[in-house]
Amino acid sequence: MAPIKKGILERLSAGEVVIGDGGFVFALEKRGYVKAGPWTPEATVTHPESVRQLHREFLRAGANVMQTFTFYASDDKLENRGQTLKFTGAQINEAACDLAREVASEGDALVAGGICQTPSYLSCKSEKEVKAIFKKQVDVFLKKNVDFLIAEYFEHVEEAVWAVEVLKETGKPVAASLCIGPDGDMHGVSAAECAVKLVKAGAEIVGVNCHFDPLTCVKAVKLMKEGVEKAGLKAHYMVQPLAFHTPDCNCQGFIDLPEFPFGLEPRILTRWDMHKYAREAYNVGIRFIGGCCGFEPYHIRAVAEELATDRGFLPAGSEKHGSWGAGLEMHTKPWVRARARRGYWEELKPASGRPLCPSMSTPDSWGVTKGDAALMQQKEATSQDQLKQLFDRSK
């Protein structure tokens with residue numbers, strides 16, 4: 001019999017570094033398996049080999065959490081804005097659990113079932129209605145016996161608390177991460193108070209994911225940690241940021257950038273940026289460190305390599321990657337061999353190669369969130385008249 005793996009809380013309580021995986025929706029959209037806009041994960045059923053392979057690449061890169069590809073897999077999201085799929089949320093989520101478990105069994109990885117914010121909440125549905133949506137997803141996770149649960153990508157702490165309360169009923173460990181920055185959630189609740197609310201609701205692990213770059217997210221989690229400690233509570237901390245630089249973002253994060261989602265590549269972090277991120281997160285006291293949108297396996301490998309001394313081992317993927325560019329010692333060109341050193345890559349200021357490209361953008365600032373008529377969702381496809389109103393407003 002295979003040895004029983006240590007659980008997420010057992011690992012974190014022992015001070016171990018747990019490395020999450022990366023952003024499946026963005027990675028699979030670039031590979032042609034996810035549609036930008038809906039961002040729904042039906043690829044678990046239509047193209048399971050693509051999801052399985054990405055899990056394997058993150059595992060090889062050093063991740064020891066395989067998060068189920070269940071982002072936006074609630075039934076209300078699957079039928080939002082005219083999307084018509086042949087699959088139910090339950091079918092998509094069950095397939096996601098099976099794929100994550102298959103790959104997790106190939107290493108020392110845990111399976112985390114994930115739920116996220118819903119169109120129903122934005123449309124001002126009741127707590128009971130929103131919780132019923134979460135419950136349908138959680139039933140699948142219980143059936144598939146995932147190792148722990150994550151409530152992620154919540155802009156409003158109120159909805160996140162509802163999610164945690166549903167997850168907590170399962171008896172499994174619960175993590176909760178908000179897609180907020182240091183300024184707090186979209187209704188003005190501070191990062192510190194958000195964390196306190198989540199811990200009081202029952203989350204054992206709290207933090208942030210998505211919407212902002214790594215160092216901004218680390219700053220937000222630091223504020224959350226300070227708030228929890230000031231309240232006399234205890235928790236573990238997690239961070240799974242973007243792989244994009246976002247110094248010009250407002251409180252809504254990168255979705256307000258004019259480059260979102262198809263022009264973000266000039267903002268991508270290098271693997272060396274990821275070393276700095278991993279060390280900053282570790283120094284703050286965060287021990288669940290991963291990634292979200294924009295993260296590719298090589299980014300997670302960089303996190304694992306930076307924390308190799310702390311973890312006690314390198315990831316399997318490092319066999320094809322010399323430390324700090326050491327593999328370049330084998331290059332045929334002498335000026336490239338001269339780059340086989342840490343100092344070179346730490347001091348590099350990468351150029352964009354775009355002569356007319358500004359260093360920053362001006363984010364859209366529509367100032368709408370849950371409760372605003374513009375965010376009421378619908379099953380019907382967005383009409384041309386609705387689009388014209390949006391286009392006119394954007395001018």
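Each residue, glycine too, has its Cβ placed from N, Cα and C.
Listed features, source TrEMBL:
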| type | residues | note |
| --- | --- | --- |
| DOMAIN | 6-307 | domain 'Hcy-binding' |
| BINDING | C210, C292, C293 | Zn(2+) binding site |
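A Cβ within 8 Å of the Cβ centre of C210, C292, C293, the residues given for Zn(2+), is found for these other residues of the same chain: G23, F26, Y153, C179, N209, H211, Q240, P241, L242, G291, G294, F295. Here C293 (Zn(2+) binding site) comes close to G23, V25, F26, C210, L242, A243, F244, F254: these same-chain residues lie at least six apart in sequence, with C-beta atoms under 8 angstroms from its C-beta. Same-chain residues at least 6 positions away in sequence with a Cβ under 8 Å from that of C292 (Zn(2+) binding site) are, in sequence order, G22, G23, N209, C210, Q240, P241, L242, A243. Taken together, the residues of the domain 'Hcy-binding' (6-307) have an average pLDDT of 97. Neighbours of C210 (Zn(2+) binding site), defined as other CB atoms within 10 A of its CB across all chains, total 27.
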